[in-house]
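Undergrad: Before anything else, here's the structure in question.
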């Protein structure tokens, strides 16, 4: 500790530096407000669209949604002190221009509380993505085992980091109280391990769906699109790598209050991206519902030859656009939901001449005046999609 002009500080000022406790030199304060505000707002929008899809459209609220809500609340709880720390002036300020009372706030909130709060939420958001992978109904053993192993690594690393953050010292107060003596683990190594496990689990999650996408019987363009969709998650890898680099460089410096604000900024970016990536699986159905025109380009349009383009499915005498059901089902695991319509249905007016026999009348289905089949289960999408062949019995007059 040092005494500067009667004020006790944690660090001595460099020789020749003019200390100003009233107006200390600051850095990245506005940037912190902007990043935290915009990031958490966007994360909230993504979260709301997911909840709308799961609760209103699908009417299914599951474990993954509980984990995501928990993750968002905890990440918001971790990001809010980052902005408050910049406001109160105990980050983004040199250690020799912070009175010892504010420096104690820094060691308590930034060095002790924030790592505890931030230990579990990233793992919760990653579990949401892994649970989505299990819903893809891929029966390949390698796929399921890859998901389960990644889940084990995510949960195990999160719990390890949590307990090492809660009990870093003996006694515990010596972790944040400068005047309490005690024995502590290497806390810098713990922070680095947190970022390193974040990078490892992010890479594992990104790699899981790649072999399955490459094996799909779809065009190369669609494969690239799907890989790009899953590759969006690589953004969190970048933020984790940046945070790891900052931890290695900044924590080696004694003036941690000065560089610590930059770590807080990247933690806020990573937290917001984790929530948004966990909400991507419902994004297509959300826009399909609120703005169906975005997904209606070419689907169900009729050309000059009377055929139907896109995924149009003919109800008489057709095979539904020439794409086999096997190929379609593999692709729709990624691109559609059981709650959203998959095909545009076109019904053709067909007139059959001649008098049918009585037994043929019993087999045939009558058409009403609106041009649709008068079948009690005509609205069943499953029955229509499963129909692969239509037999029409005609007897000559």
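Heads up, the Cβ atoms here are built off N, Cα and C, so glycines get one too.
Remember, TrEMBL labels are computer predictions, not curated facts.
As listed in TrEMBL for this protein:
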{"type": "TRANSMEM", "residues": "32-49", "note": "transmembrane segment"}
{"type": "DOMAIN", "residues": "50-287", "note": "domain 'Rhodopsin'"}
{"type": "TRANSMEM", "residues": "61-79", "note": "transmembrane segment"}
{"type": "TRANSMEM", "residues": "112-133", "note": "transmembrane segment"}
{"type": "TRANSMEM", "residues": "145-167", "note": "transmembrane segment"}
{"type": "TRANSMEM", "residues": "195-214", "note": "transmembrane segment"}
{"type": "TRANSMEM", "residues": "226-251", "note": "transmembrane segment"}
{"type": "TRANSMEM", "residues": "263-287", "note": "transmembrane segment"}
{"type": "COMPBIAS", "residues": "355-366", "note": "compositional bias 'Basic and acidic residues'"}
{"type": "REGION", "residues": "355-383", "note": "region 'Disordered'"}
Undergrad: Mind checking which residues reach the transmembrane segment (32-49)? Cβ under 8 Å, same chain, six or more beyond either end.
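TA: Distant Cβ neighbours of the transmembrane segment (32-49) are 68-69, 72, 75-76, 79-80, 82-83, 86, 92, 261, 264-265, 268-269, 271-273, 275-276, 279-280, 282-283, 286.
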Undergrad: Any residues 6+ beyond the ends of the transmembrane segment (226-251) with a Cβ under 8 Å from its own?
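TA: Same-chain contacts beyond the ends: 129, 188, 191-192, 195-196, 198-199, 202-203, 205-206, 209-210, 213, 216, 259-260, 262-263, 266-267, 269-270, 273-274, 277, 280, 334-335.
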Undergrad: Give, as a single whole number between 0 and 100, the mean pLDDT over the domain 'Rhodopsin' (50-287).
TA: 86
